[in-house]
Every structure is written in C-alpha cells, then in structure tokens.
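So Swiss-Prot lists the following for this protein:
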BINDING   Gly138, Thr139, Asn140, Gly141, Lys142, Thr143, Thr144  ATP binding site
REGION    294-314  region 'Disordered'
Amino acid sequence: MNTTETSRAAAPLVLILGLGETGVAAARWCARQGSPLRVADTRAQPGGLAALQAALADATVEYRLGCGEQFPPDLLDGVAQIVLSPGLVPHESPTRELLEQARERNVEVVGEIELFARALAGLAESREYRPRVLAITGTNGKTTVTALTRQLIEAGGMSARAAGNISPAALAALIDALDQDDLPQVWVLELSSFQLETTRTLAPDAAVVLNVTQDHLDWHGDMQAYAQAKARILKPARLAIVNRDDPLTVAMVESLQALNVRSFGRDVPALVGDMGLELGQGVAWLTACESNDFDEPAPRRKKDAPPPTRAGGRMSRLMPVDALRIRGVHNALNALAAMQLARSLDLGWGPMLRTLRDYAGEPHRAELVRSIGDVDYINDSKGTNVGATVAALEGLGQQVVLIAGGQGKGQDFSPLVPVVRRHARAVVLIGVDGAAIGKVLEPTGVPCVAAADMREAVRRAAELAQPGDAVLLSPACASFDMFRNYPHRGEVFAAEVQELALDRGEVA
C-alpha cells in the first residue's frame with residue numbers, strides 16, 4: 001500500500017473513502033472548511049489524483065492509496081466522519097468490514113450530497129443564501145429530466161445549476177459558484193439511489209421519483225431496499241411528484257390526492273397540478289389539469305375532519321407530443337416531470353413550452369444518429385437496465401431491430417419478453433450476457449442472432465431491418481465487458497452507423 005501525507009494535525013480526521021468524482025469534490029470541500037483529511041482508495045492511482053494533490057497542496061491530507069482487497073486496521077484511527085463514495089458497495093468487502101468498525105466506534109458515515117445539504121444550511125446562516133432545491137431520482141430518465149428542468153427554469157428567468165449524479169458533483173458545482181460569486185437561485189440535483197443511502201438532511205422544495213425498475217441490485221441487495229433508497233427523497237420534500245403509472249412510486253406517497261403531491265402519467269390528468277397525455281383525433285398532447293376559473297373559496301375545515309385533498313379541474317392542452325425533438329413516450333413523460341418541477345417555482349407556461357420544443361435531449365439517450373435507406377439508427381446506449389430498454393421499445397412507435405447485451409448485473413430479463421414480441425422485428429445479441437437474453441426471448445418467436453462486436457451487430461441489424469423500422473441500440477446491460485463505459489459503446493455504435501452509410505453511398 002502506498003502511504004503519503006502532507007502536514008499532520010491533531011484534530012479529528014475526515015476520512016474520504018473512494019476517490020471518484022464525488023470523493024474528490026468532498027475532499028476539496030472539507031479541506032476548504034479546514035478539516036484535516038485522510039484519503040483512502042483501493043486503487044494505487046485513482047483518476048484525478050494528481051489534480052487533487054495539487055488542489056490540496058496546502059491542506060492537511062494523508063493519502064492511503066492502493067489498499068487493494070483490505071483496508072488497513074488503523075484506517076479509522078482518529079476519524080470523526082467518513083465520506084463514503086457511491087461507487088463502493090457497502091455490503092461487500094472491504095467496505096463492509098470498515099463500515100462495521102465505524103458503527104462500533106460511532107463514526108458518522110455520510111455522502112457527498114449530505115455534505116452539500118449541510119453546506120447550504122451553513123450558507124443560509126452565514127450569507128442568508130436560501131436557494132430553491134429540486135431533486136430528481138428514478139431508475140431511468142434522471143439525466144434527461146435534470147438537464148431539461150434546468151433549461152426550463154432558466155427560460156423562466158431564474159438562474160439554475162444542475163449537479164449531482166449528472167456531473168459535476170454537487171460540492172464541485174458549489175465550490176465553483178462560490179469562487180465565481182455566482183450562486184444560483186435554484187439547484188437541480190440528479191440523485192442516484194447510492195447517493196440517497198447516505199443523505200439525511202436534504203429537504204428539497206420539490207422532488208420526483210420518475211420510475212423504479214430492476215437495477216443496481218448488486219449494490220442494494222434486493223428490490224425492496226432499492227425502492228426504499230429512492231423513496232428517501234420524497235418524505236422531506238415540500239412537494240412530492242410521482243409517476244402514477246408506476247405502482248412502486250405511487251406507494252411512496254400516502255395519497256395521490258394529497259395537497260403536497262403531484263403526479264404525471266400516460267393518461268389524462270384529473271387532479272389540479274397533475275399532468276399527463278391525451279390522444280385526441282389521432283394527435284397525442286402534453287396536458288395539464290388546472291384550476292377552474294371560478295373556484296369557490298375552500299370551506300373552513302371542521303375539527304377531526306380528514307385532511308383536505310386536491311380537487312378536480314379543467315384539462316389544458318399544452319403542445320403536441322410530435323412537436324418534441326426528443327423521441328418516444330418515455331421522453332414525453334420525462335418532459336411532463338420536468339415541467340412539474342419547474343411549475344413548482346411558479347414559472348409560466350410560455351417560455352417553458354418554447355424551450356421544451358427546442359430541447360434535443362442528452363447524448364446516448366434515444367438519440368437519432370441518422371437514417372439510412374428509410375431506417376432510423378438510434379443510440380440508446382444509456383439503456384443499461386431492462387427497464388430502460390422496455391421504455392425505449394414502447395416509446396418509439398415503430399418496429400425495431402434491437403441490439404442488446406453486455407453485463408447483465410444479475411437482472412431478470414423476462415420483462416423484455418412482451419415488448420420484444422410486440423415491437424421487435426429481430427434482436428441482435430452482443431456481450432457476455434447476450435446468450436442469456438436470447439434464451440429468455442425464445443418464447444417470443446422473434447429471430448435472435450449473435451454478433452461478435454459492434455461492427456457485426458450494426459451490419460446484421462441493417463440486413464434485418466425493413467423500411468420504416470428503427471435499429472435501436474438499447475442494451476439493457478452494462479458495457480464494461482466490451483467497452484470503457486456506456487458513452488464509449490454509443491460512440492462506437494454511431495461510428496459504425498456512419499461507416500455503414502458510407503458503404504451504401506449515403507453521405508448526408
């Protein structure tokens with residue numbers, strides 16, 4: 001193990017456990033507050049180490065790197081607080097043993113988002129800085145909703161920063177805002193279930209759980225623990241927003257009619273503040289349920305009466321779904337969630353709808369690469385779990401040749417069966433768990449073929465597709481068996497699609 005340190009201090013230490021993006025941000029923030037640090041990582045040369053060492057050259061920091069499969073027994077000596085990286089699985093070695101020791105010693109374990117929440121509380125006291133905070137979590141769609149919400153807020157005339165799981169880390173964004181003297185009026189936070197596990201005092205003005213499907217069970221242990229981690233963000237929120245199509249998110253609130261609850265879904269909204277979709281005369285619309293123009297004053301509540309609930313209202317059509325540049329029903333639902341978050345700030349519809357119309361989406365998320373011979377090639381490499389792929393297949397509205405496979409993370413692939421049967425012309429399988437997906441899909445009768453690499457996958461898919469179809473890369477799996485990460489997988493797919501176009505004489 002590699003151990004180095006700068007000047008020692010006798011004060012209790014903060015242990016930064018894991019030097020990913022959030023660990024680096026937490027280390028910078030704690031050093032900025034004058035805390036002596038001990039930084040530990042299983043890797044000898046974690047990414048960003050040199051930059052961190054340069055940034056903390058004048059701070060009191062002890063580095064414990066290259067810990068490997070076991071953290072040293074004295075790692076907790078003198079430690080008052082552990083800042084745990086979301087990349088470390090708490091029930092696996094060596095993290096499990098260290099956290100057990102921390103509990104025995106009454107050492108507090110927090111995450112970077114908890115430090116961010118405490119930082120905002122401190123700034124409220126020292127600078128009277130009280131921004132609005134919006135929080136987004138869910139299995140799929142978090143980044144799209146976070147990025148879109150920020151744009152809608154800025155279109156409405158308020159300054160906003162997006163941070164958290166979307167990158168940059170929340171504390172890195174806060175440090176930057178402080179250094180530039182440019183603190184925003186609104187923070188829009190994308191929060192993963194990992195981050196929520198170690199967050200206790202964040203109290204958003206509004207929070208949304210977009211959906212909950214199987215993912216990260218290797219980290220949480222089971223589906224119940226995963227859903228509970230997502231639900232943590234709703235209880236302290238002033239306004240809770242849920243997907244009424246998803247029973248797991250609906251169960252996170254006491255009642256969909258509650259005054260502090262809003263919902264979105266595929267159906268027409270019935271309660272004031274809710275949003276949904278309406279199909280009228282062959283056109284799908286984004287809709288909102290708004291108060292009637294001449295509502296009577298609410299009657300005085302009698303003693304022991306049940307709590308007041310939201311009333312019904314009138315439906316307003318906002319814009320046709322086809323006017324969105326982002327593709328698929330799942331992205332229409334993402335747009336509804338983003339608008340509800342922005343509306344919680346009392347922003348008007350006009351600027352939001354103009355921005356929504358122009359929003360082109362985030363990379364590797366149902367992203368149109370190009371069309372070749374009347375076949376659309378769509379990069380949904382961020383579809384790293386079954387739920388994301390189901391949403392992509394259901395949302396596109398056309399027959400699909402699906403490219404799927406990779407590292408399955410122990411998921412149940414059976415939810416793919418009905419949507420593949422309905423929407424897929426064929427499936428091209430890649431990666432270590434491609435064969436496992438193929439076996440699950442056998443009852444569909446949909447042709448499944450294997451490909452050794454992305455080049456072969458794209459060309460096999462092109463052969464199977466018919467005019468009007470889409471070739472969809474939505475793997476339902478992690479990428480690390482064949483690629484550096486999901487962006488790399490998407491980039492390779494896009495490059496192979498462009499090569500295919502050149503081979504077929506299509507340049508534009």
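Glycine is no exception: its Cβ is also placed from the backbone N, Cα and C atoms.
Model, not experiment: these values are computed from the prediction.
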Starting from the Cβ of Thr143 (ATP binding site), draw a 10 Å sphere and report how many other Cβ atoms land inside it.
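Within a 10 Å radius of the Cβ of Thr143 (ATP binding site) lie 22 other Cβ atoms.
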Let me know how many other Cβ atoms fall within 10 Å of the Cβ of Asn140 (ATP binding site).
26
Using the Cβ centroid of Gly138, Thr139, Asn140, Gly141, Lys142, Thr143, Thr144 as the reference point for the ATP site, which residues of the same chain not in that list have Cβ within 8 Å?
Ile136, Val145, Leu210, Asn211, Asn334, Ala388
Can you tell me whether DSSP puts Thr139 (ATP binding site) in helix, strand or coil?
coil
Cβ distance under 8 Å to Gly141 (ATP binding site), same chain, sequence separation 6 or more: which residues?
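Within the chain, Gly141 (ATP binding site) has Cβ neighbours under 8 Å at Leu210, Asn211, His330, Asn331, Leu333, Asn334, Ala337, Ala391.
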